[in-house]
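Enquirer: First the structure, then my questions, so here it is.
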Amino acid sequence: MKFTRRSFVKASALATAMVAAGCSPQPVAPKQNPETEGATWYKTVCRYCGVGCGVMVAAKDNRVVAVKGDTENPVNKGLLCVKGYYLDRIMNTEEGRILKPLIRKNGQLTEASWDEALDLVAARFREAIDQHGPDSVGFYGSGQNLAEETYIANKLFKGCIGTNNVEGNPRTCMASAVAGFLSTFGKDEPMGNLDDIEHADTFFIIGSNTAEAHPIIYSRITTRKQTGKDVKVILADPRRHRVADIADIFLPFRPGTDLALLNAFAQVIIEEGLHDPDFIERHTTFQDGNGAITFEQYVAFLQDYTPEKVAPITGLSPDDIRAAAREIGARGRKTMTLWCMGINQRTVGTWLNNAIYNLHLLTGKICQPGNSPFSLTGQPSACGSVREGGGLSHLLPCGRQVTNEQHRKEVAAVWGVDYTRMSDKVGYHTMEMFRAAGDGRIKALLISCTNPGHSLPNLNSVRASLEKTFLVVMDAFHNRTTELADVVLPSALWCEKEGIYGNTERRTQHLAKAVEPKGEARPDVWILLEIAKRLGYGEYFSHYTSNEVIWEEFRKMGGGGTGYDYAPYERYKQERGLRWPVNDKQPAGTTLRYVEGDDPFVPEGAGIYFYGKPDGKAVIYARPHRDPAEVPDAEYPFYLSTGRILEHWHTITMTKRVPEIMKGAGEFYCEIHEEDAARLGIQNGDLVKLTSRRGQVVATARVGGRAVPQKGLVFLLMHDDRTERLANFLTNDAVDETSKQMEYKVCAVRVEKA
């Protein structure tokens, strides 16, 4: 059979292709491999997105010989997408794998011993701290770090060195989601879970190409649509992508106008009596940018967002806006909203999250099976490691804040440090951290398990900054950041180590170690402990003899009314994850937060109680529409948005090592509407040049295909790691004023035939 992208997708059992073909997805069987005879199978979790799919790994003679979906895991029930299906490939390759410590000498990275590399790292960090103070150093981590890794890094930098310059790449993907949760409910992470999919009647998907970014979730949605009664899907997106294939209503709004659209939905819901006055009275309050307002004032605010007024802003028809609002608010039907980077990666990302919650709070469609606003997460432990672990510059573990003295005292008591050595000042957020590396404020920077030399916006500026600081990178594969490093430390990869991940539905899961690390690679925890010891903080870290010891200490950060209650490490090793809070009242975990009888922190008789707020009430916000930081003009007449395809992940550090994926996915590309292409004389497959105010790249034009942007919009894949094709040379580093998350999804470019 001829090997085409279509056959590749089908052969890989991708849910989207199977649904399009009219058949139901089935669990992926392991590839036939005689080596599995006599192998040992280990329970673990997928290394890629935030869904948290269970994976079984077969190892024999210190080699991964097979992987398969874990049929006992309730998240994926045996299904794997193409990335998970080929996880064995990334474990067995040595192409691009970092096998020894490297030190830059005479401009070249050269092999070194662990002692030489670690001593150099400690010496340069100690020099910076002693001469320029604790805020002259920083740590940039990842939603791919294990929870234990984030915990140790946090303690080292915040508890011992005394700086809050601890950031992570969840700032680039989930910070606005966090800010939305905190401002609306007072607590981070969702009240619902993935089981809501099987109960929902209406799915409202906005800012998410779920079919390609979260394919296992999409497979569950399509199964629900196929098997449920009168299940509807509404898609709101500037680009027609795979989800549109199953959408009953498709709303291709003009880029950057979705806040106006969400306000229009709220206006219709109230105008047509689809709201729930009793729920609103008992469980909500109202605010605008200046403080408390009344329901009547909120209704008055919405009069600027009638469908007729919003139609010319969004480019949609009033009738389509009303039809979608009626479906979302329909009485007797359960609505689940799902969103991801299209909402979060915006300068109004926090407000957009608020506006989504408004719809569920106005209708009372929340905290019930199937009635669920559900924020999707992009990395396997952005929640469990960074958000819950406090791995950002304003956070401490389990929802605490660095500016709160009592919080610092609580954390210091567990860490065994004097709380006065902990800074009360918020550290640099991600973009400011890299600017500080460029202008001399940060003298030494440690990066773990992420590739900012490819992934951050306004990349010309970022890469220049990385060349000016003492840069240490801990990673498993060479990438566009390791090439800039002064020291590279080889990290253990996935099932070469054990630990904890936390997924998008509050599910904490254990990853087993199946094989030893390749070459001289070491687990990140080991590396961080060695750095701590060499910096002179060994007394605070010497008791960490295993990941279990670290986890059990982290558990002490929860409990005590924080709402972050976790099970002992041993339980996670045995079970397929538990959704927190987990305690004596709810030993099996919590299905729905804020619900009496399910969430152990809801007072008796309260029914639903949003205990993150002092009055137990969620906030409905009046959030006005605001244009993106950059819109097209005569010089840069196109909108640009960036994103991903199903087969690849992030900066392809791992997926490029899989020949089947590279061959099947084909060339990376830039999508352009056929009318725009014709006007510019561009044909499918031509090279095009894209230029923004920050840089330029070339790309291969895709005219028609799996997705189609609207006229005036071009969509560029984020994955390509070739210098002349790095999408983030173009993107805007403007940030949301609350969350400090960057606006990857909307900027202005010029498009020309190359």
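Cβ from N, Cα, C; glycine included.
Relevant sequence annotations retrieved from Swiss-Prot are reproduced here:
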| type | residues | note |
| --- | --- | --- |
| BINDING | Cys46, Cys49, Cys53, Cys81 | [4Fe-4S] cluster binding site |
| BINDING | Lys83, Gln144, Asn169, Cys173, 256-258, Met341, Gln345, Asn451, Lys497, Asp524, 642-651, Asn728, Lys745 | Mo-bis(molybdopterin guanine dinucleotide) binding site |
| DOMAIN | 39-95 | domain '4Fe-4S Mo/W bis-MGD-type' |
| SIGNAL | 1-31 | signal peptide |
Enquirer: Under DSSP, is Asn451 (Mo-bis(molybdopterin guanine dinucleotide) binding site) part of a helix or a strand, or is it coil?
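Expert: In the DSSP reduction, Asn451 (Mo-bis(molybdopterin guanine dinucleotide) binding site) maps to coil.
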Enquirer: If you skip the near sequence neighbours and keep only those at least six away, which residues in the chain come within under 8 angstroms of Thr651 (Mo-bis(molybdopterin guanine dinucleotide) binding site), Cβ to Cβ?
Expert: Asn451, His454, Ser455, Asn479, Arg480, Met718, His719, Asp721
Enquirer: How many neighbouring Cβ atoms, not counting its own, are there within 10 Å of the Cβ of Cys81 ([4Fe-4S] cluster binding site)?
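Expert: There are 29 of them.
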Enquirer: Which ones, of the binding-site residues Lys83, Cys173, Asp258, Thr642, Ile645, His648, have a Cα no more than 10 Å from the Cα of Cys46 ([4Fe-4S] cluster binding site)?
Expert: Lys83
Enquirer: In the domain '4Fe-4S Mo/W bis-MGD-type' (39-95), how many residues does DSSP call helix, how many strand, and how many coil?
Expert: 10 helix, 20 strand, 27 coil
Enquirer: Can you name every residue in this chain, apart from Cys46, Cys49, Cys53, Cys81, with its Cβ inside 8 Å of the center of the Cβ atoms of the recorded [4Fe-4S] cluster site?
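Expert: What remains near the Cβ centre is Tyr48, Val51, Gly52, Asn76, Leu80, Lys83, Gly84, Pro215, Ile216.
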Enquirer: Is it possible to get the count of other C-beta atoms within 10 angstroms of the C-beta of His648 (Mo-bis(molybdopterin guanine dinucleotide) binding site)?
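Expert: A count of 24.
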Enquirer: CB neighbours of Cys53 ([4Fe-4S] cluster binding site) within 10 A?
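Expert: Taking all protein chains shown, Cys53 ([4Fe-4S] cluster binding site) has 28 Cβ neighbours within 10 Å.
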Enquirer: Go through Cys46, Cys49, Cys173, Ile645, the listed binding-site residues, and name the one with the sparsest Cβ surroundings, counting other Cβ atoms within 10 Å.
Expert: Ile645
Enquirer: Please list residues from the chain of Asp258 (Mo-bis(molybdopterin guanine dinucleotide) binding site) whose Cβ is under 8 angstroms from its Cβ, counting only those at least six apart in sequence.
Expert: Ile206, Gly207, Ala236, Thr314, Gly342, Ile343, Leu352
Enquirer: Work out how many Å separate Cys81 ([4Fe-4S] cluster binding site) and His648 (Mo-bis(molybdopterin guanine dinucleotide) binding site) at their Cα atoms, rounded off.
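Expert: Approximately 11 Å lies between the Cα of Cys81 ([4Fe-4S] cluster binding site) and that of His648 (Mo-bis(molybdopterin guanine dinucleotide) binding site).
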Enquirer: With H, G and I counted as helix, E and B as strand and the rest as coil, say where DSSP puts Thr642 (Mo-bis(molybdopterin guanine dinucleotide) binding site).
Expert: strand
Enquirer: State the three-class DSSP label for Cys173 (Mo-bis(molybdopterin guanine dinucleotide) binding site), counting H, G and I as helix, E and B as strand, and everything else as coil.
Expert: helix
Enquirer: I need the CA-to-CA distance for Ile645 (Mo-bis(molybdopterin guanine dinucleotide) binding site) versus Cys53 ([4Fe-4S] cluster binding site), whole Å please.
Expert: 18
Enquirer: Can you give me the same-chain residues 6 or more apart in sequence from Lys83 (Mo-bis(molybdopterin guanine dinucleotide) binding site) with a CB-CB distance under 8 Å?
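Expert: Listed in sequence order, they are Cys46, Tyr48, Glu647, His648, Trp649, Thr655, Ile661.
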Enquirer: Between the Cα atoms of Cys53 ([4Fe-4S] cluster binding site) and Thr642 (Mo-bis(molybdopterin guanine dinucleotide) binding site), what distance do you get, rounded to the nearest Å?
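Expert: Each residue's Cα considered, Cys53 ([4Fe-4S] cluster binding site) and Thr642 (Mo-bis(molybdopterin guanine dinucleotide) binding site) end up 25 Å apart.
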